[in-house]
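These come from TrEMBL:
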- 1-23: signal peptide (SIGNAL)
- 37-116: domain 'Inhibitor I9' (DOMAIN)
- 139-570: domain 'Peptidase S8/S53' (DOMAIN)
- Asp148: active site, charge relay system (ACT_SITE)
- His206: active site, charge relay system (ACT_SITE)
- 377-451: domain 'PA' (DOMAIN)
- Ser531: active site, charge relay system (ACT_SITE)
- 645-746: domain 'Subtilisin-like protease fibronectin type-III' (DOMAIN)
Amino acid sequence: MKAFFLISLTLITTSLFTTFSFSHEASEASVKTDLETYIVVVEKPDGLLESKLHDWYTTFLPEATSSLIPNQQRIVHSYHNVITGFAAKLTPQEAKAMELKEGFISARVERPVSLHTTFTPKFLGLQQNVGGWKSSHYGEGVIIGLIDTGIKHDHPSFFDKGMPPPPAKWRGRCDFNGKRTCNNKLVGARNFISRGTDLPWEEAYHGSHTSGIAAGCPVEGANVFGQANGTATGIAPRAHVAMYKACAVSCYDGDLLAAIDAAIDDGVDLLSISIGPESPFPFYYDVIALGAFRAIQKGIFVSCSAGNDGPYPSTVTNDAPWILTVGASTIDREIRATVKLGNNVELHGQSLFQPKDFHPRQPLPIVHPAAISNNESAAVCEKGSLKNIDVKGKIVICHMGQLRIEDKGKEVKDNGGAAMIVFNEQDDGYTTLATANVLPASHISYKDGLVLKNYLISTQSPTATISFQGTLIGKSQPAPQMASFSSRGPSTQSPGILKPDIVGPGLNILSAWGVSIDEATNPFNVISGTSMSCPHLSGVAALIKSAHPDWSPAAIKSAILTTAYTADLNGNPISTEQNVSATVFDRGSGHVHTLRALNPGLVYDIEPDDYIPYLCGLGYSEQQVRYIVQRKVNCSTPTLIPGAQLNYPTFSMVLGAGDQMTYTRTVTNVGRPFSTYISKVLSPQGVAVKVMPSVIRFKDLNDKASYTVTFTRLENVTRSSIIGQGSLVWNSIGDDGYKVVSTIAVVFV
């Protein structure tokens, strides 16, 4: 399924100038057509002032006398936080020539990257004037920087009624002009796209949606086509928003790097990035990993989407351990559209568009293009595929495939179809989308699709109707449940770190939108993706930051991971889209529990320099590690540690026959003084786990205690899977009820 909100991109070499017929001008145009944007990394000379960096960068450019392109037009971005370097328009030959210059480290062509709520605050346990919102001041005083597609700055989700000014540390700016620009809610908006518009105005609508989820202020009567009606509010409604536009119709990592660089300078407290590489890269080659590391060095928390390439294993991206990597799960809200077959069997699906005037006097005939044509395009109802098939006045069945449901519906409607049923492929299971269809429609699960296909076989004249029940709460599949598209672990870049970290609401989420799709004054839309789950967790992190302003990014992450829950609302284990129990590589530590995360008892803290022996342990060269941490390092053997030895809130390891691994963890007391914790282990099948000591005590707040855990693979134990999973829990003694859970993930080889 690729119908969720995701823009996949391919690298395009941009033709900048027109080619003329004259020989010299043709030569010049040829050079300019070969230009691509390169990210160039250099080593800053000792003593060079930061104010002189840009001038020094220009010394790496081709000599002006030998260049047909003015050098002042060459440099697209100058970096000084994330990396020492710049993005510039160069030919391959010019980039190669740079290698001879002193201080040059590397140059590569920029890569494409992909763009990966009325009800969800309540689903996360947030209620006005009580509990988590009250204790965290609704996120007041926290600035969330979103790297995205721009923002609709005049949307009511970003009005500032009752909002205080941003903290004095704020150094950002607003690039909007006109009557309405920025305010105390939207405190900054900048554009970093090196192609096209200069304004941070929303073009793809993705950025308004993610901003509204994270920190939108309350908007009453938010709905789409009358559905999901209620007061739309962000998870941290009193947090400030700063938008850094790095994507539009296309996204490139050079622009993304510049946006992160500026956000660090401006003084954001958190970064929310619902964008990711099209496939995992080593951290020294991944601009989001690079930018996020520089951010955490400055005390900035970073939350990123896990990717939309599930349900397949090892597809998770944004998987550096200093990033909170967020997968997507469901909520218990359904916008129901029920298919009633001619044999009276009912199949419950979803549709955001719920027409009130669709009441055919009798069931309509069904047509299944896949049974008529051998053309796969007709099976998924691609544009132009139904012109030779009689669909007029009928309900058309379309397979899910990779095409957006809205585009299928347009093809059906353009050819006279009366309605549409879309059914899932097997991999997408029970994940169904509520989309803004252009005609009466229902998206049903794979299981119900099989029922539908069996019915088609059973009769020569199949018929059906579709009825619309509107928005239902608590009537859907078990929730939370994994969304099929949510990318899964284990991490290919660092198997010693469990990824994704956490899951949050990402399916059929209502939030702000750039244009009205239903003629509403205040536009909203319902879309899906890990792009939606990421800002939910960014909002939760903002609440924690507001409640605990001195906590490090690692401490905030630890609070989220060790307090997550792993059971659905019915008390059963969180399941996958196939209705089977999810593994730790599907859901990470589990689903975020906002209230518990605000008061976790213990945290696993990590200082930025603690990542250096971990990075050396990944086999990176000293130069590659230096590229990430921006200083000289020593990767001598005694300083190396395996990934699982990092002071991470979870455990992830590979165990072969007879293997025994011992890891050390250190926890910090943030609960109450004079506290005692007792360990309890749920061992993975086929693994013995020993914790020493089994009891830890704290006298004061912020005291630390260390323990070791030894994992031993047992011989002659029959296992049901190549994956083992369990947990180590530290339970506090007393009536405070702290329960600090570290998830255990094992891959057997």
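Even glycines carry a Cβ here, placed using N, Cα and C.
Please treat TrEMBL annotations as automatic predictions, because they have not gone through curation.
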### Task
For the domain 'Inhibitor I9' (37-116), give the DSSP counts of helix residues, strand residues and coil residues.
22 helix, 27 strand, 31 coil
### Message
Just to confirm my parser: what is the rounded mean pLDDT across the domain 'PA' (377-451)?
### Response
96
### Query
Helix, strand, coil residue numbers for the domain 'Subtilisin-like protease fibronectin type-III' (645-746) per DSSP?
1 helix, 61 strand, 40 coil
### Query
Any idea what the Cα distance is from Asp148 (active site, charge relay system) over to His206 (active site, charge relay system), rounded to a whole Å?
7
## Note on the structure
Residues in the domain 'PA' (377-451) per DSSP class, helix first, strand next, coil last, are 22 helix, 14 strand, 39 coil
### Query
Quick one: Cα separation, His206 (active site, charge relay system) versus Ser531 (active site, charge relay system), in Å?
8
